[in-house]
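Asker: Here it is, the structure, as structure tokens.
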Amino acid sequence: MYPTPVQQAALLEQCRQARYVWNLALEQWSMWRRDRGPTPGYVQQCRQLTEARTAFGWLRAGSQTVQQQALRDFDQAVKNLHAGTHRRPTWRKTGLHEGLRIVGSQATRLVKLNRKWARVLVPKVGWVRFRLSRPVPDAKSYRVTRDRAGRWHVAFAVVPPPIPAPGAGEVVGVDRGVTVSAALSTGELLTCPALSDREQARLKHLQRRLARCRPGSNRRRRAKTAIATLLARAGDRRKDWVEKTSTDLARRFDVIRVEDLRVAQMTRRPKPRPDPERLGRYLPNRRRAKAGLNRGILANGWGLLVQRLEHKAAGRVEKVSAAYTSQTCSACGHRESGNRENQAIFRCVACGHRANADVNAAVNIAAGRAVSARRETPVRVSSKREPQHATSA
Ligand SMILES: [Zn+2]
């Protein structure tokens with residue numbers, strides 16, 4: 001989206017109001033105590049918003065739709081938390097969460113200018129031009145966002161039809177790794193593009209410079225923008241790769257089997273280890289090492305790939321237990337930790353089968369080997385945890 005400087009200021013002001021309303025809703029919600037009554041729900045909050053708009057001119061100057069949608073988004077966030085699909089709603093921050101949502105008849109005012117350009121009438125802002133990255137959709141709502149690199153986007157909410165299965169009965173296994181982003185059971189190795197060595201070096205340099213800048217200075221602001229631009233570039237490449245890879249897999253295969261890894265749990269911060277001898281001190285908990293692995297996992301967009309696969313190939317994605325897929329021979333089924341020659345090469349000690357380690361794992365995943373093989377003690381699952389399905393279908 002390409003707003004003029006005046007429009008940018010108007011958009012940012014509305015983003016600020018949406019953020020203010022969201023944070024207020026979050027504050028109310030987090031005030032809940034057992035002994036007090038329930039905190040206000042969406043309907044009550046909307047009434048309060050109307051009152052606040054009559055009382056405060058700066059709030060009244062903004063769009064009611066935008067402010068009301070912030071409340072609705074928050075309501076949805078709470079519902080998502082209770083449904084167990086999302087974590088707690090968090091505070092919205094300046095520069096990080098700049099966005100607003102328009103719904104209803106206001107969201108349908110858009111004009112196509114030519115093959116590549118269109119414009120949309122954003123309430124209280126005016127006609128804003130944007131580049132069409134796909135045909136003009138028939139949408140009932142859209143969201144305008146500004147990323148950390150200062151780029152504006154408009155996204156129309158349309159659920160595209162799923163990609164039809166080819167129907168040849170083909171099954172593929174996908175093993176996701178850090179060195180190779182995805183290995184397929186067909187033997188293909190796919191790598192998600194990351195920042196080049198030169199870009200990495202520049203990022204490091206900028207981060208060091210940022211650390212030396214005085215808070216609130218212009219130099220600091222410039223360094224921050226330069227870092228955000230680099231990171232945005234990395235993010236764009238990753239997303240592009242995920243979209244292309246997921247579409248390709250959904251088109252070529254009927255069933256796509258992936259490891260059932262809980263990325264959110266895997267990338268969580270490790271627990272601190274209190275020192276039993278010295279009170280208030282902590283033992284090393286390998287947090288930096290884990291942070292490095294986390295960066296690798298997140299950089300390869302694991303979670304996103306599976307998520308997009310589930311959207312595009314709805315009902316055709318199966319999650320297989322990840323246990324021992326890397327130690328089991330895909331030719332004879334022999335499982336032993338000595339089966340790995342090294343990080344990259346798999347060699348079976350029983351039958352001598354030799355293959356790329358990631359491809360071997362992908363073949364196991366494709367076979368859907370739910371490997372609980374000869375486990376003496378059953379897996380311990382907390383009694384507090386809800387039973388979980390291993391398959392998405
Ligand atoms: Zn073997």
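In case you wondered, yes, glycine gets a Cβ from its N, Cα and C as well.
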Asker: Any idea which of 34-57, 274-297, 370-393 is down as region 'Disordered' in TrEMBL?
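Answerer: Comparing 34-57, 274-297, 370-393 with TrEMBL, region 'Disordered' matches 370-393.
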Asker: So how many of the residues in the domain 'Probable transposase IS891/IS1136/IS1341' (159-268) end up helix, strand or coil by DSSP?
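Answerer: Split by secondary structure, the domain 'Probable transposase IS891/IS1136/IS1341' (159-268) comes out as 55 helix, 16 strand, 39 coil.
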